[in-house]
Amino acid sequence: MEGTETSNEIKQPLRMDLWLMAAVLMAAFLNLYGIWDETYSNTYYTTAVGSMLQSWENFFYGSLDSAGSVTIDKPPLVFWIQAAFAYVFGLHGWSVILPQALAGIALVPLIYLCVKPTFGSLAARFAAFAMAFTPVGVAVARTNNIDAMLVFVLLLAAWFLLRGIRQNRISSLVIAFALIGVGFNMKMLQAYMVLPAFYLLYVLGVQLKVKKKYAVLAGSTALMLLISVSWAVIVDSIPADKRPYIGSSETNSVMELAFGYNGVSRLTGDRGGAGGQPPSASVPGQPQAGDGTAPRDGGGESGVRNGGWGTAPAGGGGGGMFATGTVGPLRLFQQELSGQASWLLPFALLSALALLLSFRWRGMNAKHKETLFWLAWLVPVGGFFSIAGFFHPYYLIMLAPPVAALAGAGASYMWAKYRESASWQAWLLPSSIAITALFQWFILQTYESTIGIGWSIAVAGLGLLVALVLAVQNGRERGAVKVAALTGLAAMLIGPAYWSATPIVYGQDAMIPAAGPTSGFGGGMGRIALQGMGGVQQGGIGMERPSQQGGVGDAQSGGIDGRLPGEMGMFPSDGGMRPGQGRGNTGVDQGLLDYLRKNQSTEYLLAVPNYNTAAPYIVDEKEKVVILHGFQNSDPVYDEEKLEELVRSGGVKYFLVIGTGSNSDLIAWIKKNGNVINASEYTTGSIEQTKSINGSFGRGGNAVLYEVTLD
């Protein structure tokens, strides 16, 4: 086992490290395997990418629908990248996932490069494996959600900052802060969560004359702010009637979206929309009348069928609408969140403590400064998620870099102190391994009914055994001690490695990705408990067959091909979602599609209330579809006057009305000015077969096609 290298290593050419290559290969498998089975991934964002490919205007704004009616709830930068991949490879689930998967893989060598120059090869290697085996990182990188790309950009910024300080390069320092501005254009204020760490390290580490030092900092900050607001200012400066409505905003403003819904509201938990929809308006398992939209967040749920989704599988745990535990200082250690990014958190915190034991202001070295940097990243981010009122578990990927870096640095440092044997600090390594093993047992034992008791016993037993051997053998047989130490470090990776594989093994919900053996909402390879671990083997865990009230499938998928006049049910009846398909997604009704294409005389094929209904027509059929309500009904995208203008200008004439919806005035206008198209005109089937089935597209309502033509 190697100790730390000297600072001269900075100037040495990068050599091939087989351990790093192994970590990268493991990350590549975890992030890439099976993504070709994904259908839509996060339907909300995939629908937007499909619309962005239809016009440059949609591309610039990040429009959710073909008409440029409303934007998605985040800046479009990541989706520009996804659209570029979709343009080259075609629009598929895997093509929009690929950029995030590659970003997730790139985090592994990037954390290695950040850690190695100061803390050495052992630290860098362990950090690389810790990053590769961050379960929530794998889960979110296997979707088209933004966070893996955001963390990649922020870690790249950290590398430039560290490089600028180590080599005294002003250009690298400026680039570091500029990249945070780029991150703002990915997920807004979430990118700024690392600023305390960046400013602290800059002040402590940059070796320039005082005036020049702070002049560079001021200039870098100004550039960061300029880049951050560039797209927002351009969009907000355009008259509202000349651009899409800013989705999920209160005032149709990007800046308000940044500091409101994507900013302060995450802390306070206030998710009321422009229409006043309360935060509890949509909860899985609580069906409501509506149009199949979801809680107000792009990573939120899709529409839910009548009958709801039932309860979570045993062992999953609750804790709030999105299973984020109870607010408090120990939130990251609670059952709901601990399996996502906290496996090595005790070891990382103990590592930081060990590294700072020799801290002195006058004798501060590079290790102290960089330890403070990673700690200043970890503590504010961890503190925020400990008290935040509204976030999803996959946001915890923000913890991955500091946890991995501190764990790696601590492993190297504590090993060095252990080898000194005479110092009391020799007890740091065995005690840290033991504490971490016990915490990992706490995570695993909750899921024993699913994965078996063997995993928790093996991880805890091996960790405690290694700690005991290290305690007893201190100062004795160096060969045995080295093997024991390596075994202890490897043992701490068993749990997170297994959890990182669960999105592949069990499947996951691409709308709200999370790792764990009960996290999947459909698809995957089924629940597989490894033989000998005591788990019960089962078949696939696709969603249970939906309630009959959810709708009917087509004959080919085993459903009933029959609909009431003026009504349709388009949910697949194959027993669950396809892998990666957003919850509540409807499929293409071929009869309806043929009818609309045959009779289309307008720019857009159809107007629908929500993105779930629009998705298959935009993504699969490449049709142009108008979405009336944005992500949820509270977005005032259209009013009667604007809708009338759209119809009179030849934009659209067919409207699919689903349920009552929250915008009753809009629905009333469509019903008043439109004619119902009897379902018999575009489909064939036995009406009697579906009299007992309330065919619907979303939560509780019938789907009726209207034709609106104004004189």
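Using N, Cα and C of the backbone, Cβ positions are placed for all residues, glycine too.
According to TrEMBL, the feature compositional bias 'Gly residues' maps to 300-310. The domain 'Glycosyltransferase RgtA/B/C/D-like' annotation in TrEMBL covers 73-231. Positions annotated as domain 'Putative mannosyltransferase YkcA/B-like C-terminal' by TrEMBL: 592-673. TrEMBL lists 270-310 with the feature region 'Disordered'. The transmembrane segment annotation in TrEMBL covers 97-115, 122-140, 146-162, 169-186, 192-208, 215-234, 341-359, 371-388, 394-415, 427-447, 453-472, 479-499 (among others).
Confidence for the domain 'Putative mannosyltransferase YkcA/B-like C-terminal' (592-673), expressed as mean pLDDT, is 90. At the 8 Å Cβ cutoff, the transmembrane segment (122-140) and the transmembrane segment (453-472) share fewer than 3 close pairs (sequence separation 6 or more) and do not count as touching. Counting residues 6+ beyond its ends, the transmembrane segment (394-415) has Cβ neighbours under 8 Å at 1-4, 107, 111, 114-115, 118-120, 122-128, 130-131, 134, 136-137, 139-140, 145, 147-148, 151, 154-155, 158, 190, 193, 197, 299, 332, 337, 340-342, 344-345, 347-352, 354-355, 367, 370-371, 374-375, 377-378, 381-382, 385, 425, 428-429, 432, 485, 489, 512-514 in the same chain. In terms of DSSP secondary structure, the domain 'Putative mannosyltransferase YkcA/B-like C-terminal' (592-673) contains 37 helix, 11 strand, 34 coil. Beyond the ends of the transmembrane segment (341-359), by six or more residues, the same chain brings 130, 133-137, 332-333, 367-368, 371-372, 374-375, 378, 396-397, 399-400, 402-404, 406-407, 409-411, 413-414, 417, 425, 428, 431-433, 435-436, 439-440, 443, 492, 495-496, 499 to within a C-beta distance below 8 angstroms of the stretch.
For the transmembrane segment (371-388), the residues of the chain that approach it from at least six positions outside its boundaries are 158, 162, 193-194, 196-197, 200-201, 204, 266-267, 269, 324, 327-332, 337, 348, 352, 355-356, 395-396, 398-399, 401-403, 405-406, 409, judged by C-beta separation under 8 angstroms.
Outside the transmembrane segment (453-472) by six or more residues, the chain places 418, 427, 429-431, 433-434, 436-438, 440-441, 444-445, 480-481, 484-485, 487-488, 491-492, 494-495, 498, 530, 532-535 with a CB less than 8 A from a CB of the stretch. By the count of Cβ pairs under 8 Å, the stretch nearest in packing to the transmembrane segment (479-499) among 97-115, 215-234, 427-447 is 427-447. Sequence-distant contacts of the transmembrane segment (97-115), counting only residues of its own chain at least 6 positions beyond either end whose CB sits under 8 Å from a CB of the stretch, comprise 17, 20, 23-24, 27-28, 31-32, 35, 38, 41, 78, 81-82, 85, 89, 123-125, 127-128, 131-132, 137-138, 140-146, 148-149, 151-152, 155-156, 158-159, 162, 400-401, 404-405, 408-409, 580.
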